[in-house]
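Notes follow the structure.
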Amino acid sequence: MGVFCWSGCLVISLQLLLGAALDNLSTCKEEDYHYEYTECDSTGSRWRVAVPNPGKACAGLPDPVKGKECTFSCAAGEFLEISSQLCSKCEPGTYSLGTGIKFDEWDKMPQGFSNVATYMENTAEFSDNKPDSCVNSSWIPRGNYIESNSDDCTVSLIYAVHLKKAGSVSFEYQYLDNNIFFEFFIQNDQCQEMSSSSDKWVKLSDNSDWMNHMVSLKSGTNILYWRTTGILMGTKVAKPVLIKNITIEGVAYTSECFPCKPGTYSDEAGSSSCKICPRNTYSDRQAKECIKCFEEKEYSEEGASKCEERPPCTKKDLFQIHTPCDSERKTQVIYKWIEPKICREELPASIKLPASGNKEDCPPCNPGYFSNGTSACSPCPVGTYSNGLSECKTCPAGTEPVLGFEYKWWNILPGNMKTSCFNVGNSKCDGMNGWEVAGDHIQSGIGGTDNDYLILNLHISGFKPPTSVTGATGAELGRVTFVFENICVSDCVLYFMVDINRKSTSLVESFAGRKVYQSYTHVIHKNATYMFTWAFQRTNLAQDSRRFVNDIAKIYSIMVTNAIDGVSSSCRACALGPQQLGSSCVPCPAGHYIDKESNMCKECPPNTYLTPHQVYGKEACVPCGPGSKSNKDHSACYSECLVTYTNENQTLSYNFNNLGKVATLLNGPSFTSKGTKYYHLFNMSLCGHGGEKMAVCTDNITDVTGKDIEADSDDYSNVVKTFVCQSTIIPSDSKGFRTALSSQSVNLADSFLGVTNNSSLRGITISPDIFPSHLKIPDVNFFFKSLATTSSCEQGRATVISMRCNPAKLGQGDISVPRNCPAATCDGCNFYFLWETAEACPLCMESDYQKIEGACKHGQQETHYVWNEMKLCTNGVSLPEKNVSACESIDFWLKVGAGVGAFTAVLLIALTCYFWKKNQKLEYKYSKLVITANSKECELPAPDSCAIMEGEDNEDDVIYSNKQSLLEKLKSLATKEKEHNFESVQLKSSRAQNI
């Protein structure tokens with residue numbers, strides 16, 4: 001009971017204290033609060049409530065009242081005044097879109113916009129430094145527009161808006177470089193995309209124009225994403241995406257009008273937009289009118305927020321031009337101030353406009369034109385020609401005019417050319433000439449700022465080859481050749497671009513920095529309407545001051561061959577029909593040249609090809625290189641996959657037919673400076689297929705992005721079909737695409753030069769150090785050439801595929817690149833590949849195996865054949881089967897011979913020992929006899945008597961021997977004393993016994 005009493009007392013006390021506090025607050029005034037709408041309920045209704053301003057405390061706020069329905073909105077030029085809940089017109093100096101908001105000021109990032117830089121690589125490499133590598137990537141405000149990143153990070157510009165009803169978002173953009181992927185998509189508050197993913201890819205801009213993109217929005221929360229992802233290899237820098245004038249429609253109401261930004265004004269109430277202040281005026285924010293500058297000393301550009309002081313005139317403020325030829329065919333150099341003129345001549349440091357030069361003779365007409373007695377040159381009529389110095393003449397019989405354009409004299413701009421100036425950030429140079437004629441050349445103009453694009457266009461309706469080569473296949477249709485130079489101290493660039501059938505402009509080549517006098521040729525293979533564009537930019541950095549006005553590009557001559565609407569500067573021999581009716585020309589069949597004597601078509605000799613731009617004379621048929629033959633049309637040479645050559649007095653034959661299919665090498669991975677993983681994909685067609693180029697590389701950007709871009713299937717800008725080509729592959733897990741990205745396809749080899757075991761052919765050399773080898777068999781080198789030239793490869797690209805025998809690698813084997821050049825090239829112009837496979841071994845011959853004969857067993861002998869210890873051959877002759885032949889065994893006779901030999905040896909040894917012992921005894925007896933005889937040499941010898949004396953016994957037996965012993969015979973032979981024959985006497989004396 002006590003607890004309840006205490007609680008009740010506490011409540012009563014609080015009420016008393018609150019009432020006392022409210023009594024002490026002042027009554028709310030209109031300036032102390034503002035009105036807001038509550039959130040809409042399920043019925044689409046809401047309430048208007050009064051909310052105290054920050055820092056204000058008052059009592060007596062107005063009671064809530066029912067507000068306008070949630071879908072209510074005011075018209076353009078009006079805003080909803082919540083206090084009265086009525087639409088009111090915007091005051092002068094402000095504007096309103098009614099149901100929309102607009103962002104056209106980009107001096108800083110507008111409120112509500114945010115930047116998010118991410119790295120969409122999903123693999124593990126470089127995971128530690130990826131977040132930091134993109135921390136400096138963002139969208140950058142540039143005043144009138146906002147600029148995307150130009151690296152290979154993924155950066156999103158995000159803005160969230162809540163719509164009470166369905167609306168739309170639109171923006172202007174400039175998107176020129178397909179090396180950046182540009183997406184615009186919308187998510188709801190659950191981070192779910194609200195439209196088809198195939199619609200999120202933004203189309204490339206046409207010819208540097210600002211394009212408009214609009215997408216419908218649903219009611220509710222819409223999170224808008226402008227996302228760019230760079231696909232950059234090496235040191236390449238992409239052109240960023242530019243966005244301006246973002247407009248969002250569908251906002252339920254606008255509670256206030258937007259002020260006009262500096263440089264604009266609105267002079268009427270209820271304006272839906274602001275007007276730009278004209279030149280030499282300025283305005284502040286929320287201006288009702290523009291204020292004029294003091295024009296004698298000040299100036300301003302369109303849309304200026306202040307006036308600038310006019311500087312003294314310098315050489316940067318004037319330019320010179322050549323006047324058109326007058327009726328006397330005279331011209332002169334005159335000087336003019338750059339318009340609009342912003343400098344002051346009366347200042348002490350100012351220069352004066354130089355006087356005009358003396359009149360000079362006009363340069364002659366360009367080839368194909370003639371002077372008609374007026375100040376202009378006229379084109380020669382059809383069927384006639386002129387060198388520009390003489391009247392037009394009719395081509396002789398048996399000849400036809402050479403059509404084209406050759407511009408080398410620049411007194412006036414030709415009729416099929418135009419010039420303009422363009423800047424993405426301002427309109428200072430709009431209406432200016434981007435290029436100026438200068439007699440023997442045409443040069444870039446002054447422009448408004450240093451980052452202007454100075455544009456020169458040449459329109460060609462189509463291309464048609466001469467009549468004599470109309471039947472040729474695979475021949476070029478025409479060429480565009482221009483001679484130029486860049487005179488720069490800055491980072492200037494001259495771009496050469498091509499637009500086919502007025503679809504989109506693609507960059508062909510760029511020439512950065514200072515370039516000396518040089519020539520560039522672009523070959524045309526497809527008949528279409530072309531717009532060739534030269535665009536010169538002094539620097540890509542926007543600057544208020546002019547620092548590089550003296551940087552210029554000069555084009556001395558432009559030559560276009562085989563143009564349909566061209567003129568003729570000469571005539572060429574053409575082929576005549578068999579009946580030679582009149583002088584009508586007939587087309588030669590494919591692979592035929594025009595004989596100089598008869599002007600008839602004759603087929604090129606075997607294994608020669610016809611030059612694409614010269615068919616007159618037998619010398620137009622060029623012999624094919626070693627190991628190659630011409631195709632049926634004599635338009636190119638190719639290898640039949642059969643190669644034969646002599647090495648160290650040995651003829652080696654190869655058969656590469658099993659390698660004739662298109663081979664693929666995926667080399668990598670490599671990584672950009674930001675860590676993007678990419679691969680180099682090479683497709684190569686080695687030989688065969690009748691000379692048809694089978695290697696195809698395709699840019700699948702359209703497949704990846706789903707862009708609806710019209711493109712012919714044979715458009716060379718999307719598909720490269722040749723002998724060897726290269727593409728840059730970014731795996732699907734690298735940037736979050738649904739499939740791997742293939743881009744930057746390059747033609748590396750469109751002409752086959754020959755195959756040889758030598759290390760060089762027609763100026764292309766492969767060093768032995770590139771692919772070291774210890775084999776006795778040298779590599780077989782296939783030499784290719786790409787005729788397309790670039791600024792870095794003035795002679796075109798060259799490719800060498802070295803075929804190396806490796807019996808351990810069966811089938812297709814392995815293809816590798818030089819160890820020191822992982823991209824197959826070290827200079828970007830010469831590419832080298834090593835193809836190791838057993839199929840690259842020479843065909844086997846009889847010298848590649850040896851014969852081994854077995855022992856004779858049971859009257860039979862087997863002969864086996866085995867490959868040499870290191871088999872370096874394939875296919876060819878087969879290893880012979882085992883051979884069995886009859887034989888006679890020699891085991892028995894060998895045993896008999898051994899027995900007889902052993903017996904004979906023992907017998908000889910025994911006889912030798914016997915006779916030697918007997919000879920020793922005889923020598924002993926003889927020596928004793930000699931000693932006895934010497935002791936009695938003073939005594940008379942006893943008379944020899946054959947009779948037996950009295951008293952003596954017949955005991956002595958005398959034996960006479962005239963034969964030599966075996967040992968003595970051997971001695972006599974050794975001493976060659978055959979005349980001394982000793983008599984052996986054996987005595988038996990009783991006297992000796994008595995002694």
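Using the three backbone atoms N, Cα and C, a Cβ is placed for every residue, glycine included.
As recorded in Swiss-Prot, the features of this protein are as follows:
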SIGNAL    1-21  signal peptide
TOPO_DOM  22-895  topological domain 'Extracellular'
CARBOHYD  Asn24  N-linked glycosylation site
CARBOHYD  Asn136  N-linked glycosylation site
CARBOHYD  Asn245  N-linked glycosylation site
CARBOHYD  Asn372  N-linked glycosylation site
CARBOHYD  Asn527  N-linked glycosylation site
DOMAIN    639-843  domain 'MRH'
DISULFID  Cys641-Cys687  disulfide bond
CARBOHYD  Asn649  N-linked glycosylation site
CARBOHYD  Asn683  N-linked glycosylation site
DISULFID  Cys697-Cys725  disulfide bond
CARBOHYD  Asn700  N-linked glycosylation site
CARBOHYD  Asn758  N-linked glycosylation site
DISULFID  Cys793-Cys829  disulfide bond
DISULFID  Cys805-Cys841  disulfide bond
CARBOHYD  Asn883  N-linked glycosylation site
TRANSMEM  896-916  transmembrane segment
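On the backbone, the CA of Cys725 (disulfide bond) and the CA of Asn683 (N-linked glycosylation site) stand 6 Å apart.
Note: the CA-CA distance between Cys793 (disulfide bond) and Cys697 (disulfide bond) rounds to 20 Å. The candidate set comprises the glycosylation sites Asn683, Asn758. Of these, Asn683 has the most other Cβ atoms within 10 Å. Within the group of glycosylation sites (Asn136, Asn372, Asn527, Asn649), the Cβ with the highest number of other Cβ atoms inside 10 Å belongs to Asn527. A separation of roughly 17 Å, to the nearest angstrom, links the Cα atoms of Cys805 (disulfide bond) and Cys687 (disulfide bond). Model confidence over the topological domain 'Extracellular' (22-895) stands at 84, taken as the mean pLDDT rounded to a whole number.
Put simply, Cys841 (disulfide bond) is 28 Å from Asn883 (N-linked glycosylation site) when counted between their Cα atoms. The Cβ of Asn700 (N-linked glycosylation site) has 17 other Cβ atoms within 10 Å, all protein chains considered. A simple Cβ count within 10 Å picks out one of the disulfide-bonded residues Cys641, Cys697, Cys805, Cys829 as the most packed, and that one is Cys805. For Asn758 (N-linked glycosylation site), the nearest neighbour among the recorded positions Asn136, Asn649, Cys687, judged by Cα separation, is Asn649.
Note: the CA-CA distance between Cys829 (disulfide bond) and Asn683 (N-linked glycosylation site) rounds to 17 Å. Local packing around the glycosylation sites Asn245, Asn883 was summarised as the count of other Cβ atoms within 10 Å of each Cβ; on this measure the leading residue is Asn245. Contacts of Cys687 (disulfide bond) defined by a Cβ separation under 8 A and a same-chain sequence distance of 6+ are given as Tyr638, Ser639, Glu640, Cys641, Phe656, Asn657, Leu659, Gly660, Val755, Phe782, in order along the sequence. Minimal Cβ crowding within 10 Å, among the disulfide-bonded residues Cys725, Cys793, Cys841, is found at Cys793.
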